[in-house]
Amino acid sequence: MNLISIPAFQDNYIWLLANRQKHCVIVDPGESAPVLATLAQGQYVPQAILLTHHHNDHVGGVADLRHHFPDIPVYGPQETAKKGATVIVNDGDSLTIAGQNYTIIAVPGHTLGHIAYYSSPYLFCGDTLFSAGCGRLLEGTPEQMYASIQRLAQLPDETLICCAHEYTLSNLKFAHAILPADQDIATYQQQIEQLRSKNLPSLPVKLQFERKINVFLRCNDIDLQRKIGITSPPDSLVSVFCELRSRKDSF
């Protein structure tokens, strides 16, 4: 399989996953022009569009892509029905597209209907789990978002996180501010600074490594809890998540 990240807007990624026959899926096309250019350059033949949620920077290119490819199915959660989705999918559903199997995982939090698509080893998780971070809670509750990222964290170690924004460096700066002595975070921040200075993507990233450097996946870490002022055992790890998310929102 050939995985391509297509830059869009200021920091979005539209994902394209193609097989050897150059049949491909397009994930979260916020705009059409860079997708059409990539399709033409690589002579890819789109088989489906996958939408994770309803925000315009993820669905804005659907109408024009369907103008160019009228028969292409557009999969998405119920909240994308008015944003171009032609096939509504739900938690636990399975899809087979161009010989590749996809499992739908409900991950509410950023939006109430947000979903992820998992096709081993690829995880297209939209704005739920970022490298070294997680999405803002724009519609859902902290309980929902924490449960969602924990659900994704249970996937196999080799899972490749294909999220929709290049937020890695800013997320690592926050993580380093919380855990300045953490060598994994400090070293990775330096690596990503070099990568981004060359305008290269920091994604995808393996889930096994993400568990080390993503503070939102380390809410049970006692040292982290102390660093954010939680000195006694918390009532629930959601409270740790809430404190981290609040601090990140104002970072």
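The backbone N, Cα and C atoms fix where each Cβ goes, glycine too.
Long-range neighbours of His55 (Zn(2+) 1 binding site) (same chain, six or more residues apart, CB within less than 8 Å of its CB): Thr111, Asp127. When secondary structure is read from DSSP and collapsed to three states, His55 (Zn(2+) 1 binding site) falls in the coil class. What Swiss-Prot records for His53, His55, His110, Asp127 is Zn(2+) 1 binding site, and it gives sequence analysis as the kind of evidence.
According to Swiss-Prot, the Zn(2+) 2 binding site annotation covers Asp57, His58, Asp127, His165, on the basis of sequence analysis. In the shown protein chains, 19 other C-beta atoms lie within 10 A of the C-beta of Asp57 (Zn(2+) 2 binding site).
Sitting within 8 Å of the Cβ centre of Asp57, His58, Asp127, His165, and not among those site residues for Zn(2+) 2, are the Cβ atoms of Asn12, Asp28, Gly30, His53, His55, Gly126, Ala164. Neighbour counts were taken as the number of other C-beta atoms within 10 angstroms of each residue's C-beta; across the binding-site residues His53, His58, His110, His165, the minimum falls on His165.
On a Cα basis, His53 (Zn(2+) 1 binding site) lies 14 Å away from His165 (Zn(2+) 2 binding site). Note: the Zn(2+) 1 site is recorded as His53, His55, His110, Asp127; in the same chain, Thr52, His54, His58, Thr111, His114, Gly126, Thr128, Gly135, Leu138, Ala164 also have Cβ atoms within 8 Å of that site's Cβ centroid.
Distance noted between the C-alpha atoms of His110 (Zn(2+) 1 binding site) and His58 (Zn(2+) 2 binding site) is 13 Å.
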